[in-house]
Amino acid sequence: MVAATAEFRRVFSAFDRDADGKISAAELRLCMKAALGEDMSAEEAEALVSSADTDDDGLLDEEEFTKLAVQLEMGDEEERCRGLMEAFRMYEMEGEGRITPASLKRMLSKLGSHQGIEECQTMICRFDLDGDGVISFEEFKIMMDA
């Protein structure tokens, strides 16, 4: 978290264009466009600032900005996990919470890639960290990050 806090501090300084120790909705809009290429309406920027503005001054200080950034980052991670879970469920069989060589073979066949059980076992072995012959959701997440 220390590294993340240092990163948020660096981002805060970059967003604080006039170096007044506060980020306005206008500064937030400009920097979102420059940093991420995302267009943000004035209303969206105001709403985002307002959601994290604990002292009601219409601006974000470094602490408010950091809390907002952490919340947004957590939201992105939750969304990513939901997407991964949807993908995982496509490959698992019978709702057992694991991908077996047979369930992998079945899904790959549906996708037009016809692999034998042996090839599917080999694919699973690469990410089967606990050696149980199947891929758990945790192992699936690691595999998708590789």
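Placement of Cβ uses the backbone N, Cα and C atoms for every residue, glycine included.
When secondary structure is read from DSSP and collapsed to three states, Asp18 (Ca(2+) 1 binding site) falls in the coil class. Long-range Cβ proximity for Asp18 (Ca(2+) 1 binding site), meaning a same-chain Cβ under 8 A and a gap of 6 or more residues, is found for Glu27. The feature Ca(2+) 1 binding site is assigned by Swiss-Prot to Asp16, Asp18, Asp20, Lys22, Glu27.
For Asp53, Asp55, Asp57, Glu64, the entry in Swiss-Prot reads Ca(2+) 2 binding site. For Asp57 (Ca(2+) 2 binding site), the same-chain residues that are 6 or more apart in sequence and have a Cβ closer than 8 Å to its Cβ are Lys22. DSSP assigns Asp57 (Ca(2+) 2 binding site) to coil in the three-state reduction, placing it in neither a helix nor a strand.
For Asp128 (Ca(2+) 3 binding site), other Cβ atoms within 10 Å of its Cβ number 18. Residues or ranges marked as Ca(2+) 3 binding site in Swiss-Prot: Asp128, Asp130, Asp132, Glu139.
Annotation comment: Swiss-Prot describes 3-38 as domain 'EF-hand 1', evidence class sequence analysis.
If you look at the domain 'EF-hand 2' (40-75), the same-chain residues 6 or more away from its ends with a CB under 8 A from one of its CBs are 4-5, 8-9, 11-12, 15, 21-26, 28-29, 32-33. Feature annotation from Swiss-Prot assigns domain 'EF-hand 2' to 40-75.
Within its own chain, the domain 'EF-hand 3' (79-114) is flanked in space by residues 120-121, 123-124, 133-137, 140-141, 144, which lie at least six positions past its ends and keep a Cβ under 8 Å from the stretch. Taken from Swiss-Prot, the feature domain 'EF-hand 3' covers 79-114, and the record attributes it to sequence analysis.
In this model, the domain 'EF-hand 4' (115-146) carries an average pLDDT of 91. Annotation source Swiss-Prot lists domain 'EF-hand 4' at 115-146.
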When distances run from the Cα of Glu139 (Ca(2+) 3 binding site) to each of the binding-site residues Asp16, Asp20, Asp53, Asp55, Glu64, the nearest one
Glu64
Where's the emptiest Cβ shell within 10 Å among the binding-site residues Asp16, Glu27, Asp55, Glu139?
Asp55
List the Cα distance (Å, whole number) between Asp128 (Ca(2+) 3 binding site) and Glu64 (Ca(2+) 2 binding site).
41
If you take the centroid of the Cβ atoms of Asp53, Asp55, Asp57, Glu64, the listed Ca(2+) 2 site, which other residues of that chain have their Cβ within 8 Å of it?
Ala52, Thr54, Asp56, Gly58, Leu59, Leu60, Asp61
So among Asp53, Asp55, Glu64, Asp130, Asp132, all listed as binding-site residues, which is physically nearest to Asp16 (Ca(2+) 1 binding site)? Use the C-alpha atoms.
Glu64
